[in-house]
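These features come from TrEMBL:
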BINDING   Gly13, Ser14, Gly15, Lys16, Thr17, Thr18  ATP binding site
Amino acid sequence: MSHFIVGLTGGIGSGKTTVANLFAEQGIDLIDADIVAREVVEPGSEGLAAIVEHFGEHVLQSDGQLDRSALRECIFSQPKQRLWLNECLHPLIRKRMLELIKQSTSAYAVLVVPLLFENGLDSLVDRTLVVDISPELQIKRTQDRDGVDKGQIENIIRSQMPRQQRLDKTDDIIDNQGEIQEIEQTVFALHKQYLSLSKAVLSTEAKL
């Protein structure tokens with residue numbers, strides 16, 4: 001069981017997945033909030049049942065899966081409905097994350113959460129790590145990756161915590177504007193640091 005948890009976050013297009021995969025290459029368990037968020041609304045889940053009861057069966061596809069586009073239409077420009085959805089799913093996501101943390105067997109684990117600070121999930125971790133790039137690069141990389149409209153990306157950036165506020169709150173920062181070799185070196189240095197911190201935590205717990 002991993003007793004030391006690192007919370008990895010960053011704005012849209014910052015390269016969280018790239019950094020997370022570099023930690024995974026070091027044998028570190030990843031707990032990805034986006035994957036967990038999909039798990040808690042799978043057919044037969046408590047989350048999906050609550051959504052269908054609240055919004056109706058038109059949010060289901062013919063195969064019983066959640067129709068995400070139909071759900072987006074239900075909450076689009078409706079803050080109260082969006083708030084209800086968040087209040088419904090966030091406890092389920094948090095609960096599942098805690099289960100996965102308990103199941104982790106690596107020296108430490110990395111919790112990958114796009115809205116780590118915004119949703120208060122930094123309370124689950126011992127150390128926070130922000131992957132940082134400029135807003136201009138965020139827009140370019142997201143457009144290259146997803147082919148979405150610039151205005152749409154800017155709206156997402158505005159909905160997330162301001163860049164400087166995120167940087168002020170975190171323990172560690174990876175500047176992801178350089179070459180991949182630089183990122184690899186930074187991740188390896190942080191990996192060694194987190195191994196040391198994890199050992200210190202385990203040593204302290206053993207004495208209690």
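Residue 1 is the first one shown; counting continues down the chain.
Yeah, the Cβs are placed from backbone N, Cα and C, and that goes for glycine too.
A quick note: this is a predicted structure, and the numbers were derived from the prediction, not measured.
Reduced to three states, the DSSP call for Lys16 (ATP binding site) is helix. Other residues of the same chain near the ATP site, with their Cβ within 8 Å of the Cβ centroid of Gly13, Ser14, Gly15, Lys16, Thr17, Thr18, are Gly10, Val19, Val131, Arg141, Asn176. A simple Cβ count within 10 Å picks out one of the binding-site residues Ser14, Thr17, Thr18 as the most packed, and that one is Ser14.
Counting every protein chain shown, the number of other Cβ atoms lying within 10 Å of the Cβ of Gly15 (ATP binding site) is 21. Long-range C-beta contacts of Gly13 (ATP binding site), restricted to its own chain and to partners at least six residues apart, with a cutoff below 8 Å, comprise Ile133, Leu137, Gln138, Ile139, Lys140, Arg141, Thr142, Arg145, Ile153. All chains included, 24 other C-beta atoms sit within 10 angstroms of the C-beta of Lys16 (ATP binding site).
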